[in-house]
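A.B. asks: Here it is, the structure in full.
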Amino acid sequence: MSLEVENPGSTESANRLSLKRHDSLFGDAEKVSGGKYHGSQGSWARTLHLAFQSVGIIYGDIGTSPLYVYSSTFPNGIKYNDDLLGVLSLIIYTLIIIPMLKYVFIVLYANDNGDGGTFALYSLISRYAKIRMIPNQQAEDAMVSNYSIEPPNSQLRRAQWFKQKLESSKAAKIVLFTLTILGTSMVMGDGTLTPAISVLSAVSGIREKAPSLTQTEVVWISVAILFMLFSVQRFGTDKVGYTFAPVISVWFILIAGIGMYNLVVHDIGVLRAFNPWYIVQYFKRNGKDGWVSLGGIILCVTGTEGMFADLGHFNIRAVQISFNGILFPSVALCYIGQAAYLRKFPENVGDTFYRSIPGPLFWPTFVVAILAAIIASQAMLSGAFAILSKALSLGCLPRVQVIHTSKKYEGQVYIPEVNFMMGLASIIVTIAFRTTTSIGNAYGICVVTTFSITTHLVTVVMLLIWKKHIVFVLLFYVVFSTTELIYLSSILSKFIQGGYLPFCFSLVLMTLMATWHYVHVKRYWHELDHIVPTNQMTTLLEKNDVRRIPGVGLLYTELVQGIPPVFPRLIKKIPSVHSIFLFMSIKHLPIPHVVPAERFLFRQVGPREHRMFRCVARYGYSDSLEEPKEFAGFLVDRLKMFIQEEIAFAQNDAENEDETSSTEVTEAQARPRRSTNSVVHSEEAIEPRVSSHSGRITVHANQTVEEEKQLIDREVERGVVYLMGEANVSAGPKSSILKKIVVNYIYTFLRKNLTEGHKALSIPKDQLLKVGITYEI
């Protein structure tokens, strides 16, 4: 028997959910709708509101690049005056090709229900192809409305062939996962280096008016500002965005105005740089030096990945409006104005931005520059938090506390531990490198590597999900991957001059993520191989002479089927189980959100009189877990609803069986008589008989439901106890040395120092009971 629930938010038959009899949805299933999230479309008023807010969040980094691009491009001064036209042309077309064409008009559409970033791309791909190490395409997932996907077009054999190749190749799965965590590591590196280079560049301008200040003093002023920046992250993107949006808007007005002034006053002829032929001439004149200078030019698009990573805070239309209407014209005018100034004063290339400011505007611009540098840091920090929250949910990092900072907008998060580590790293980098040139070498590698990884993942999306014509896919891949490869080759030439930093940083972070995910997967499969079938529950309880104690018990497990191996260990050591017992699974699906009405899924475990249940609580990677009281309240309400539905199903079955048996008996009695009147009397006799029995069943069912509900309420009042398996994982005795190091040392260090599952799940300490168990993998 199945129960079909129609999604009223859509008229498509695909939006119907087929629910198995023993499954229960959280809430009124008939009220489930598609749901519009913060990353989806909305009204124009809301879009413009988000576009304004996005100015203060995602454009600080790319908007403050004029502070250091020319000085990084010409570290040894300008040899030929016409080189400025070539460099300006490169800057303009780099801005057009990468952030505008690639991200604003293509990549933003490769979002996962409104969320962006490398992990969003990975999770999107994993829904269309089975590429994850832990199975995620299960019956429980298919019942979530926004998990449903359009099946590959049978007429498009290329998409099917590509899907089969991905699913059958372990190497392809590992490559995709490695690209994802490398991209995440680089974004983290970007979030660490952005504050250092932006703040240090802005503060350095004070030496124009106070030349007596030493570089050391400038560094310590920068450190103080960085400390303040990382301290305010706890207030959240929403509040910070509203505070910063007016400031960064003033910044864009200032740099556009200064650029226009310099263009008119110094050399309007630099507008010739829109002719790309000057790029060709630039490389002919400078050869290898021109190629090396690309490492400085690429800094004009730093922070571009933040547009995609922070998409969950806004929406596509809002980002497109703010980029094309505000950011690009302002920044382009600033670079054009600086080039016009340097045509007359090439000797000032080391401090182009501050030297090109008209005298009366210096101090206002300096103050706004400091604030804009802080905003630049905020852009990548918010993106790093958003991406890492996805990594946590997909089992790639230990559980740490993720704080959702906005009740109004989903996807705005703050991670205290990560904020502390990134803040500390940023301060150390500022003190150690001291100048923007060295930091810029490291910074560029983070930026371009992230660009390249996004290009590869979006290409997979175009082939597998969008099913675009191969010509468009090749055009996208060739144009953008070639551009990024040229830039990356240039930056790698500065590996020794600071470029090694992001590689070291990423190597450490990737090792931690890969280690945690590897052991997480191994542990999952070990538990799956050692589960006890649910039909053996009665035998298991009788064998251990288990007694029932008052209260409600919730045993947390990552498995969504069978009895986890920690349960037999628990009842063997303590042969007692709470009167109402639930095997609780918190499952994170590879989608941003699960609507509340589809949150909880229940099943009966063993006979009904045992009152033992399986509950799967499904969350998207951008969803936050409820507070303990709220969670327990929802759980109890939905458990009552499930019991009521189960009893109703049982009543329906009983009535059907009774009607069938009664009809058979009546026909048998009527058959020998062969009389019309007899048949009529027989049918008249049937009706009151069935009605009477049906009534008794209904009354009995109603009484049973009320008794069960009252029992649940009594047991909840006696207390709810949360049980968690504290698993110690160790490598088997025959394991390789590398595996022993990874499992016994690195993983154990992370588990002991970085993960506190009860905090991540918001479980009160006084209601927590941990059960120890050891696994050998």
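Each Cβ is built from the backbone N, Cα and C atoms, and glycine gets one as well.
According to TrEMBL:
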DOMAIN    50-538  domain 'K+ potassium transporter integral membrane'
TRANSMEM  84-110  transmembrane segment
TRANSMEM  174-198  transmembrane segment
TRANSMEM  218-236  transmembrane segment
TRANSMEM  248-271  transmembrane segment
TRANSMEM  291-309  transmembrane segment
TRANSMEM  321-341  transmembrane segment
TRANSMEM  361-392  transmembrane segment
TRANSMEM  413-433  transmembrane segment
TRANSMEM  439-463  transmembrane segment
TRANSMEM  470-488  transmembrane segment
TRANSMEM  500-519  transmembrane segment
DOMAIN    550-777  domain 'K+ potassium transporter C-terminal'
REGION    653-693  region 'Disordered'
A.B. asks: Are the transmembrane segment (439-463) and the transmembrane segment (291-309) near each other by the rule of at least 3 C-beta pairs under 8 angstroms (pairs 6 or more apart)?
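C.D. replies: Counting Cβ pairs under 8 Å (6 or more apart in sequence), the transmembrane segment (291-309) reaches the transmembrane segment (439-463), since there are 3 or more.
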A.B. asks: For the transmembrane segment (470-488), which stretch among 84-110, 218-236, 248-271, 321-341, 500-519 has the most Cβ pairs under 8 A?
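C.D. replies: Per the Cβ under 8 Å count, 84-110.
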A.B. asks: Top stretch among 218-236, 413-433, 439-463, 500-519 for CB pairs under 8 A with the transmembrane segment (174-198)?
C.D. replies: 439-463
A.B. asks: Six or more residues out from either end of the transmembrane segment (218-236), which same-chain residues have a Cβ under 8 Å from its Cβ atoms?
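C.D. replies: That would be 195-196, 199-200, 203-204, 206-207, 370, 373-374, 377-378, 381, 385, 403, 405-406, 412, 414, 416, 419-420, 422-423, 426-427, 430-431, 434.
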A.B. asks: Does the transmembrane segment (361-392) make contact with the transmembrane segment (248-271) through 3 or more Cβ pairs under 8 Å, each pair 6 or more apart in sequence?
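C.D. replies: Yes, the transmembrane segment (361-392) contacts the transmembrane segment (248-271).
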A.B. asks: Does the structure show the transmembrane segment (84-110) and the transmembrane segment (321-341) touching, where I'm treating 3 or more Cβ pairs under 8 angstroms (sequence separation 6 or more) as a contact?
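C.D. replies: Yes, the transmembrane segment (84-110) contacts the transmembrane segment (321-341).
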A.B. asks: What stretch of 248-271, 413-433, 500-519 shows the most Cβ pairs under 8 Å to the transmembrane segment (439-463)?
C.D. replies: 500-519
